[in-house]
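The block underneath contains the structure these notes are about, expressed in structure tokens.
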Amino acid sequence: MADAEQTLVNGVTNLSVNGNEKGKDSAEDFAKSWGFGLSELYKLAIRFFKEKDGKALKLKYQDKLRLVAYTKQATFGKYRNDVSPEVGFLDVVGNDRRQAWQALGDMSQTTAMVEFVKQLDALCPLFRPFTEAHNAEKQEQQRKRQEEEDRLRREAEEKERRRLEEEAQRQQELQKQKQLEQEMQIRAALNQQTAVQFAQYAQQQCPNNKQQQEELIRQLQEQHYQQYMQQVYQQQLLHQQQQYQQMQQQQQASSTAPAPSPQTNPSPPMASPTPTQQPGSQPTEAPPKPQGNSVIPNGPAEATEKKPEGEDLILPPALLMPASIWTRKDIQSFKDSVKHCQENVIKIGSLATATVRVPTHEDGTCLFWEFATDYYDIGFGVYFEWTIAPNTTVSVTVSESSDEEEFDEEQDTKNDVEQGTKKEDRPPTDEIIPVYRRDCHEEVYCGSHAYPGQGVYLLKFDNSYSLWRSKTLYYRVYYSR
């Protein structure tokens, strides 16, 4: 009996010394070498120990005592009487386990987990293949889960893209329907005002032919409508030019009063100007031939006679539809999808403004834009320049602080005998979205606008209000058919 106690004490003493020596290893480095976290690796070892004990795992009495002591230390810490069950005097196994636990002393719970795994690995060669199999299974599950997440993300993006295109198409159809209804209302009002005059004129020209009279009336009504719309376009262009000249004069005079914004959506009046030829006054004169020119999105064909030399200008339509604006929350995925293309990432310095020029495409009917920034907001607005671009290439211009430009202009003015020679024949530009600061560092800002005609969209990204901070802009533009 004395020999047995001496053997047990020696075993426990060796257990304590070995535990202190092996506890010097780093727990984190040890867990990384197995491909698991320490807690997960320990739970896997406990599972293996319980399942294989007495089967694939044949342990000696002293080795099993050591492993059980490590589990107690890892679970409860240092030996305490309140968590240790009562052991009878004749309970040899219970006394041995208690002494083995007491021999671990102040060993930390983390060290006890590490030592349990190391001892189990040393005692059973099947433990490492067991953990490797579970590690491979875990990686395979992670790979499948990542593939499933990527698939769902792609499906969501494709679904969102289709939804945006359908929404844009629906908006276009509604806008076309409104334009058609408005055109019908204008035609009805004009026809009502000229019905008596045109009927008298047609009766004088075709006295006994009802069919020819109706055809002549239709031609006169169409001609009258085209002339009326042409006058509306010309009046609108003249009004815009006057507004632009007033704004230039105010800027030159350094006036603090804000310039009035040009009216881009005036409703055509229902009253019709009197025709240039009164049908009833000259009954023997042949009616004017109906004009073959119809109102096209870029303005009437006669407008080409009034454009300045060297400029491909076009007249804006009487109605400019508003843009659609919305936001979405997947800002990080949007940045990841855009930043691989350097052309879609712009560095805008403090006190600077970036302008993205997007010409209309002959195959497109609607422009889409998306943008976001890092950390801070930025000003954004959209304008439409009524000019014919030489190509459909998207260009970016970043203008730095205007101090240097104003200084250069002052020097040129001092050295120039003929002052005030600045060009005033810039193409007319309509404001679609005014420049406001957008919280695009929190969510992706998106929008669309149906082509009002042929021209160039100007996407303004304004950082002129920031004295110190530069902004990184991620943007994307595209058109739909």
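Each Cβ is built from the backbone N, Cα and C atoms, and glycine gets one as well.
Note: TrEMBL annotation is automatic and uncurated.
Per TrEMBL, the feature compositional bias 'Basic and acidic residues' maps to 412-429.
Averaged over the domain 'ACB' (38-129), the predicted model has a pLDDT of 79. Feature annotation from TrEMBL assigns domain 'ACB' to 38-129.
Sequence annotations record features per position, and here TrEMBL assigns domain 'GOLD' to 339-479. Across the range of the domain 'GOLD' (339-479), the DSSP-based residue counts are 17 helix, 66 strand, 58 coil.
What TrEMBL lists as region 'Disordered' is 134-156 (among others). Outside the region 'Disordered' (134-156) by six or more residues, the chain places 34-36, 44, 333 with a CB less than 8 A from a CB of the stretch.
Annotated region 'Disordered' per TrEMBL: 246-308 (among others), in sequence order.
As annotated by TrEMBL, region 'Disordered' applies to 397-431 (among others).
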Is it possible to list how many residues within the region 'Disordered' (134-156) are helical, extended or coil according to DSSP?
23 helix, 0 strand, 0 coil
Which residue counts does DSSP yield for the domain 'ACB' (38-129) in the helix, strand and coil classes, in that order?
61 helix, 2 strand, 29 coil
